[in-house]
Amino acid sequence: MNILLSNDDGIYSPGIQKLSKKLKKFLNVQVIAPSCDKSGSSSSLTINNPLKVHKFSNGDITVYSGTPIDCVYLGINFFMKPKPDFVVSGINLGANLGDDVFYSGTVGAAMEGRYLKYSSLAISLDGNKHLDVAVEIVYKFLKFLLNNPFRKKYILNINIPDSPLKYIKGFKITKCGRKNFKNTVIKSKDSENKNIFWIGPKTNCYNESIGTDFHAIKNNYISVTPLLSNLTNNKEINSISNWFENFYKS
């Protein structure tokens, strides 16, 4: 199996470094990741500026100032030969739950893989203490997948509790929960006494109802959320069509 491995924490993050080292024991892994932290870059693609890359002696590639999506795009369309069987994004040090899927570069990289016709995994650890546990879980998952491939192409957003393995209860297939955002903007001053603004802080107020990714993680289950790359709201096409027909006739 050929794996394209990327992330949004940057190529030097222990999440991608430890995972790539483990996976290279039994898979053909091409690492191509941003040169620095690109968290929160979502599905940003660089189209107005050229991208520079560096290839390390072990074959890993970094894209200077590139986004996770740039990395996956370049990897699939240029650098990776043969083409990947799977795109893996992570391991992110910090969960990507609920509304995070709209902002996360980890999820964005997996989305880009699916846009380009490949099954993709976005993998995040709910913290940074038990990274070795997360690496072992992903290793076993991909080893099983090697002999039991999916029948369809999927995007799976996988979040792993930051706990010792013995306390993780299993897997839950989940839906995205919701964060009750506090629309907080923090105004400050820079060294030149000019206004600067911070978005945050993050809220701790979540919808943790049964069946959500938040509920699974809170109860020490691995959360697996299938995502869609097609954002069309098919259920509302007829009602919206009727509204616009009335608008056009008015």
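Placement of Cβ uses the backbone N, Cα and C atoms for every residue, glycine included.
Pulled from Swiss-Prot:
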| type | residues | note |
| --- | --- | --- |
| BINDING | D8, D9, S39, N92 | divalent metal cation binding site |
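Locations of recorded Swiss-Prot features on the structure.
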residue : record                             : DSSP (3 states)
D8      : divalent metal cation binding site : coil
S39     : divalent metal cation binding site : coil
N92     : divalent metal cation binding site : strand
Divalent metal cation site, defined by D8, D9, S39, N92: further same-chain residues with Cβ within 8 Å of the Cβ centre:
N7, G10, S13, G15, D37, K38, P68, L93, G94, S104, G105, T106
I'd like to know which of these binding-site residues, D8, D9, is least surrounded, judged by other CB atoms within 10 A.
D9
Based on Cβ atoms within 10 Å, give me the single least packed residue among the binding-site residues S39, N92.
S39
